[in-house]
Amino acid sequence: MKLTLRVWRQKNADTPGAMATYELDGVSQDMSFLEMLDILNEELIVKGEEPVAFDHDCREGICGACSLVINGDAHGPERTTTCQLHMRSFKDGDTIDIEPWRASAFPVIKDLVVDRSAFDRVIQAGGYITAPTGSAPEAHATPVPKADADYAFEHAECIGCGACVAACPNGAAMLFTSAKVNHLNVLPQGSPERETRVLDMVSQMDAEGFGGCTLTGECATACPKGIPLFSITSMNKEWLRATRKVKR
Amino acid sequence: MASTFWQSTVGKKIVMGVTGLIMIGYLVVHMVANAKIFFGPEEFNAYGHWLRVMGAPVLHHEWGLWGARVILLTSVILHGVSAYQLSRRDIKARPEKYVHSKPRMSYATRTMRWGGVILGLFIVWHVLDLTTGTVHSGGFQEGHPYQNVVDTFSTWYGNVIYIVAMLAMGMHVRHGFWSAAQTLGAGNRTRDRAFKALANGLAIVLTVGFISVPVGVMTGVVS
């Protein structure tokens, strides 16, 4: 395959960036999208140019490190992570636009790499449970109904990649925050912090400069893990419940 | 408690949801009452008079009416101020556009902000036209709403402003009602089809119901 790539190049956070065009030949249909970028970088290094910086880690679709907005879609045209996207999703001769996540809470560090530590601070605000340390607890000590376990697992699938923020026209982090809140709030292990969790995580989310939800549904469409849009509805419900229970 | 709501994006959206539902409730009553215009001037004018003595003998003359006006005005202001503040925040949260971007949201969703502004301006015109009579086309007659409505819809611009605003209202209600269900935590997977159907049904019934009045005047059914 022969491709024309238009890639966002930006030296650092303080320098304005721009799209740069590269021609790439000899791309196999079986390559992943990131392997295709590896080939581009090898060519750039041979030519003595600066390689394109992009985030990646496990390349198995489970770590949440890879990002990229490909032709306007977070993680590209397939419902998966960029590392699990293959070049067979594109045609010979295609022009592909590659951009970083865009949100003021996710500033660009270099080229396609953005700073997602705002997510870490949202987790620190309440994405944990209080549990005694030591040996593993007896598995049957705290029974969890099957339906609740399934619900928690559906939301626990969130890998925190930030595609929801990238796809949202308001740069909102509602789907990420709601996935984390619902995952723990439905379980008995998470119930001691049920109210403070949702209030603190929402308020940290606001403090990080993410936008608000207008229910466009773009986040759930972009999510590689299929976190449902109703996750946001459930978080709103939890938030309303918590404001009634907690006096601040 | 109040500051928790007002400082949070989630809380402000809940304020928008509740005030939006109050206004939708009012629209339904307003539309049903409008239908009285098809039964002649006596019935319609008598209804206009009843609005002033609503709640009698418990309530003094026009107290019920002013109570409703205060609730509606408060709703419009809270809804508008929340929308303005949240929109400012949203625009700031996504300062840079994608080079490769495509419009994917539905038309109703994309036009919520400007549609809301159009509706705000329409409400001002509508009150100045048919409540105070300040910008009324013919000679505005206090206590003769039937004739005033016929006068307004006998001008081309009266019809254009009204019909455009009602189409904007229909779209605003379509996304707004369903969104309110999510914001207030009522939506879920099993109820979603019902909420979507209810939102679409409300939007269509309200739009057709309100537009039937200028159409009635234009076709001579109401004169």
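Numbers here mean position along the shown chain, with the first residue as 1.
Yeah, the Cβs are placed from backbone N, Cα and C, and that goes for glycine too.
The following features are taken from TrEMBL:
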{"type": "TRANSMEM", "residues": "B:14-33", "note": "transmembrane segment"}
{"type": "TRANSMEM", "residues": "B:63-86", "note": "transmembrane segment"}
{"type": "TRANSMEM", "residues": "B:107-128", "note": "transmembrane segment"}
{"type": "TRANSMEM", "residues": "B:156-177", "note": "transmembrane segment"}
{"type": "TRANSMEM", "residues": "B:198-222", "note": "transmembrane segment"}
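In summary, the transmembrane segment (B:198-222) lies against the transmembrane segment (B:14-33): three or more C-beta pairs, each 6 or more positions apart in sequence, are under 8 Å.
Put simply, of B:14-33, B:63-86, B:156-177, the stretch with the most CB pairs closer than 8 A to the transmembrane segment (B:107-128) is B:156-177. Using a Cβ-Cβ cut-off under 8 Å and counting only residues 6 or more beyond its ends in the same chain, the transmembrane segment (B:14-33) has close neighbours at 5-6, 47, 68, 71-72, 74-76, 78-79, 82-83, 86, 169, 173, 176-177, 179-180, 183-184, 202, 205-206, 209-210.
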